[in-house]
Ligand code: BGC
Ligand code: BGC
């Protein structure tokens, strides 16, 4: 883990969004393969079959990361590459791929940070109940162990889940992400099992890594500042805060789900779901907390339009009624407000006593290819500059935030938005996979140089 003496910088990607090679080397089917194949699920009707072809171009990608001079590259591991059926048989060729990725980074002086679950659940596990079944967190811990046994000698920073809020609420309540279920309370059940998976995997990694292994295990959450502008929205704001933020932080920090949360999520009071020992296992199971921040949540917008629905209202873009978002906005329609990042860091530090890492922050922009080899994305530069400054503000106030990671290295498969929204520092021509660093890439490389020279002066 970064020691906090300076803010360490990185960039991130996720397996299904960049790898392609979905049928290579024995990879099993994931819920995103299945979901994206269903008509009407992805805006442009496309999927991750080819994506950025990083399964074959990882060395070129590692060169791009190294060219930025960054400390860290955060990538995720596709569970179905390692265990095609989700549990049981290990596919060593899948592990070989991540071995190559890790070595490519280390050879170039970049530290690897691995995420075990960035939403690509093996389909056989979904068929057996997915995150609604208690067998899934158990399988997740076994999977974590298999991956750690192979990469743990070289990877010191581990994230169990990325944004379990999306996996649970977008996957099981809103139905806009895989597996595409709309079952309301199911999302809370999925949330508990995701946390249990985190806790069991964390315990397993710690027992294998020991203190000598320097194994730091955390979880990456898309926490958000909730900003009610009108008094009518205060109650809804509190409910949204419960299912967006507290459902993860409370059990980690206090080993409990509080009454306010249980009113919104009564399933979490079900003793069949939350069994003896579960909350104790989750309590204190993260060495660090990762925060992904893009935009604040404004409950007024939804209150004005229709009856409130906390699970869905917690994220812009999950409901067709979310039409009135304040300006300025990025190309995906999310309000731009860098002060929200300082706020969420400050609020999270008050809720949990752990080092914080900003594990994703970035913007979808209308990038302009102005000439061969030149892509202008000034809006992204301004967005990143302001958000990085917002992290510096939090650090100056004494918040223990140790890293800042830009989403994302490459234009990639943006889930339900397909390839229509681009967040990359590097443009991809999807006809031939040509990679062209954008203006923001050169800007970020300059920031990294400036920050490291100001330290050595
Ligand atoms: C978008 C996805 C996005 C997700 C979380 C959803 O509203 O449709 O593309 O990944 O939010 O960021
Ligand atoms: C996710 C990424 C996604 C990004 C932009 C985050 O919610 O972790 O996978 O691409 O937001 O939507």
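Just so you know, glycine gets a Cβ as well, placed from its N, Cα and C.
As recorded in TrEMBL, the features of this protein are as follows:
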type     : residues                         : note
ACT_SITE : 163                              : active site, proton donor
ACT_SITE : 360                              : active site, nucleophile
BINDING  : 17, 118, 162, 294, 407, 414, 415 : substrate binding site
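Taking CA atoms as the reference points, residue 17 (substrate binding site) and residue 360 (active site, nucleophile) are 14 Å apart. The secondary structure of residue 162 (substrate binding site), as reduced to three states from DSSP, is extended strand. There are 25 other CB atoms within 10 A of the CB of residue 360 (active site, nucleophile), with all protein chains counted.
The Cβ of residue 294 (substrate binding site) lies under 8 Å from the Cβ of 222, 330, 334, 360, 361, 362, 363, each on the same chain and at least six residues away in sequence.
Sequence-distant neighbours of residue 415 (substrate binding site) (same chain, 6+ apart, CB under 8 A from its CB) are 17, 42, 119, 177. Listed binding-site residues: 17, 162, 294, 414, 415. Those with a CB atom under 6 Å from ligand 1: 414, 415. Closest by Cα distance to the residue listed as 'active site, proton donor', from the binding-site residues 118, 407, 414, is 118. Taking the Cβ of residue 162 (substrate binding site) as centre and 10 Å as the limit, one finds 25 other Cβ atoms among all the protein chains shown.
Considering only the recorded positions 163, 414, the Cβ with the fewest other Cβ atoms within 10 Å is that of 414. On its own chain, residue 407 (substrate binding site) has 11, 12, 292, 360, 361, 362, 423 as residues at least 6 apart in sequence with a Cβ closer than 8 Å to its own Cβ. The secondary structure of residue 294 (substrate binding site), as reduced to three states from DSSP, is coil rather than helix or strand.
Mapped onto three states, the DSSP output places residue 17 (substrate binding site) in helix. Under the DSSP three-state reduction, residue 118 (substrate binding site) is assigned to coil, being neither helix nor strand. Secondary structure at residue 414 (substrate binding site), as computed by DSSP, is coil.
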